[in-house]
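Engineer: Here's a structure for you.
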């Protein structure tokens, strides 16, 4: 069986683990400028302190988009989760927001089977400013063709088994979109499975190359691409094998595939 690697830091015992292993954060990138990525959020779990475990994106003043494997497959207690809006450095003057509801996609049970997407409803809407505001969702017709240069952001590890060091700055890396069929072929290299078995599914999007990728702790965070002058969220950090390895692009949940589901809960206008 393909050894798949989760991108989330260990969190709830309810997280689906087998047959999955951990993966690792932003590789090959740099610290993000303080005025960029105003939709980036950090999800926190209450341990000895409110610890970062996944990323997410603000898509509405009261809604956060993230990966289902961060909080599922069963619905986690929202009282055990907090959201920190865009911060340059983790744990520096935190202002954590309460969550009223966590909604995982009903067909999710493991990352490699797709539907790795979830919504968090905040108890109160946030105040929108130049520093904090939602990212735009793409139109259903947007395909993000192969070679499109996009950006992924997060506070995850900076290499395999290498944690992001203090002061834990938000990192960014530019990654090219890889066409699904090519990505699937890449993932079949060195894997003993039939060519008729699709590892990369239609609801997934691939991006990254050797030396440039997302990693552990980045799960749930946004992959964004600038289209006609507007930043659109193309994907949600989901899974991969290793970190920035040859023939192993990062795999993201394709946002356009789940627009109808998202808008069952999240208003289109605000």
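Cβ coordinates come from backbone N, Cα and C, glycine included.
According to Swiss-Prot, the active site, charge relay system annotation covers 69, 116, 219, on the basis of similarity to another entry. Summarising the annotation, Swiss-Prot assigns disulfide bond to 54-70, 150-225, 183-206, 215-243. As annotated by Swiss-Prot, domain 'Peptidase S1' applies to 26-267. The annotation N-linked glycosylation site is assigned in Swiss-Prot to 46, 127, 228 on the grounds of sequence analysis. According to Swiss-Prot, the signal peptide annotation covers 1-25, on the basis of sequence analysis.
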Engineer: Measure the Cβ-based neighbour count of residue 46 (N-linked glycosylation site), defined as the other Cβ atoms within 10 Å of its Cβ.
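Structural biologist: Summing over all protein chains shown, residue 46 (N-linked glycosylation site) has 12 other Cβ atoms within 10 Å.
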Engineer: Over the span of the domain 'Peptidase S1' (26-267), how high is the average pLDDT in this prediction?
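Structural biologist: On average, pLDDT over the domain 'Peptidase S1' (26-267) sits at 90.
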Engineer: Using C-alpha atoms, which one of the recorded positions 46, 69, 116, 183, 219 comes nearest to residue 54 (disulfide bond)?
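Structural biologist: Nearest listed residue in space: 219.
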Engineer: What's the CA-CA gap between residue 127 (N-linked glycosylation site) and residue 116 (active site, charge relay system) in angstrom, rounded?
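Structural biologist: Per the Cα atoms, residue 127 (N-linked glycosylation site) and residue 116 (active site, charge relay system) stand 28 Å apart.
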Engineer: Can you tell which of 127, 219, 228 has the most other C-beta atoms within 10 Å, given these are the recorded positions?
Structural biologist: 219
Engineer: Relative to the Cα of residue 116 (active site, charge relay system), which of the recorded positions 46, 69, 150, 206 have a Cα no more than 10 Å away?
Structural biologist: 69
Engineer: Drop a 10 Å sphere on every Cβ of the disulfide-bonded residues 54, 206, 225 and tell me which sphere holds the fewest other Cβ atoms.
Structural biologist: 225
Engineer: List nothing but the one residue from 70, 150 whose Cβ has the fewest other Cβ atoms within 10 Å; the candidates are the disulfide-bonded residues.
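Structural biologist: Among the disulfide-bonded residues 70, 150, the sparsest Cβ neighbourhood within 10 Å belongs to 150.
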